[in-house]
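Since the structure comes first, as structure tokens, the remarks are kept for the end.
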Ligand SMILES: NC(=O)C1=CN([C@@H]2O[C@H](COP(=O)(O)OP(=O)(O)OC[C@H]3O[C@@H](n4cnc5c(N)ncnc54)[C@H](O)[C@@H]3O)[C@@H](O)[C@H]2O)C=CC1
Ligand SMILES: O=C(CO)COP(=O)(O)O
Ligand SMILES: [Zn+2]
């Protein structure tokens with residue numbers, strides 16, 4: 001008897017392009033959302049996008065509540081939940097980088113309310129995904145959360161954001177190559193749940209981005225367009241898989257560990273990019289694709305070494321040898337690398353000196 005079933009939750013509206021920030025109110029109308037929104041943002045994105053979105057709401061006779069959060073913590077999620085309850089709002093709008101959007105996602109999951117994702121940086125592939133990443137105790141990786149009802153990505157705002165945020169988004173996409181290698185390995189060795197559609201989409205997204213790398217240049221709005229479409233596609237792959245597997249393997253474990261060992265030293269996307277160079281080496285050895293990954297990262301100005309991340313060599317080695325413990329996710333790291341092997345891969349790939 002055939003007993004499989006699947007339930008894929010995706011946004012209903014995806015609006016990308018020049019000046020589409022002002023379409024947030026139309027998207028809300030299209031979704032038939034009633035009542036007050038709560039805009040969830042952080043300090044810089046507030047000035048860049050949340051205040052203008054609030055003004056757009058007021059222009060159509062809706063009085064939005066706004067909450068500004070500083071860091072992706074459960075306290076911040078609590079603050080958003082409390083504000084939503086006291087301000088009697090009916091839906092949330094996450095406006096900012098990955099952290100502000102993740103907080104809105106987690107809070108809307110808890111409140112059982114819809115939310116819109118309005119990215120102000122093309123820096124991560126959580127813009128569309130049904131995953132939320134807020135550290136809980138020792139846990140740093142994403143967990144299942146509410147997917148956005150809609151995404152409104154204004155390329156004018158995204159192109160104006162600091163360039164390193166865009167290169168971080170590119171690196172988060174390039175890391176799909178090794179994430180998918182890890183997923184296929186885990187399928188072969190551990191028979192983990194696997195979706196060929198999600199894996200192919202994640203891989204193809206990385207390929208399209210790398211093929212178009214010459215269009216990814218500072219100050220070009222077209223770059224924001226190319227990168228944002230890739231981030232959306234990668235997020236859809238996660239939603240199809242109902243897991244971050246298509247976009248997160250050992251290179252993400254490495255980054256999550258760096259977040260603990262060297263908090264706020266580097267951007268998420270930059271860390272996973274450097275991790276991906278090393279885990280590609282572990283998969284394919286010297287003849288593998290690690291050089292292609294390194295060259296793709298360097299062609300879009302993303303870091304390829306510990307020094308460029310602003311992280312010392314010892315911390316990189318510590319992260320490599322311990323990050324397999326971060327979560328129960330089988331990867332090329334198996335049950336962990338020893339220090340000599342970690343030094344070897346980091347040296348051979350030029351990540352450490
Ligand atoms: N839920 C998911 O599926 C995923 C979640 N993530 C999570 O996303 C986070 C990384 O996101 P990021 O955006 O890199 O970090 P972030 O949200 O901390 O943003 C980085 C900095 O850029 C600033 N910023 C954002 N937009 C700006 C603009 N237009 N102009 C000037 N500054 C601006 C932010 O205020 C912040 O200071 C990590 O916590 C990561 O775990 C990453 C990938 C997937
Ligand atoms: O960052 C992500 C995908 O790019 C989410 O992955 P994690 O589940 O490892 O947090
Ligand atoms: Zn990521």
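For all residues, glycine too, the Cβ spot is worked out from N, Cα and C.
Note that TrEMBL annotation is computational and uncurated.
According to TrEMBL, 125, 172, 252 bind glycerol; the candidate from 268, 283 that the record adds to this site is 268.
In this structure, the C-alpha atom of residue 252 (glycerol binding site) lies 17 angstrom from that of residue 102 (NAD(+) binding site). Apart from 172, 252, 268, the residues listed for Zn(2+), the same chain places the Cβ atoms of 124, 125, 171, 175, 247, 248, 251, 255, 269, 271, 272 within 8 Å of the centroid of those Cβ atoms. Here residue 268 (glycerol binding site) comes close to 98, 123, 124, 168, 172, 255, 259: these same-chain residues lie at least six apart in sequence, with C-beta atoms under 8 angstroms from its C-beta. As a whole number, the greatest separation of Cα atoms within the glycerol-binding residue list 125, 172, 252, 268 is 13 Å.
Among the binding-site residues 100, 121, 123, 125, 172, 252, the residues whose Cβ lies under 6 Å from any atom of ligand 2 are, in sequence order, 125, 172, 252.
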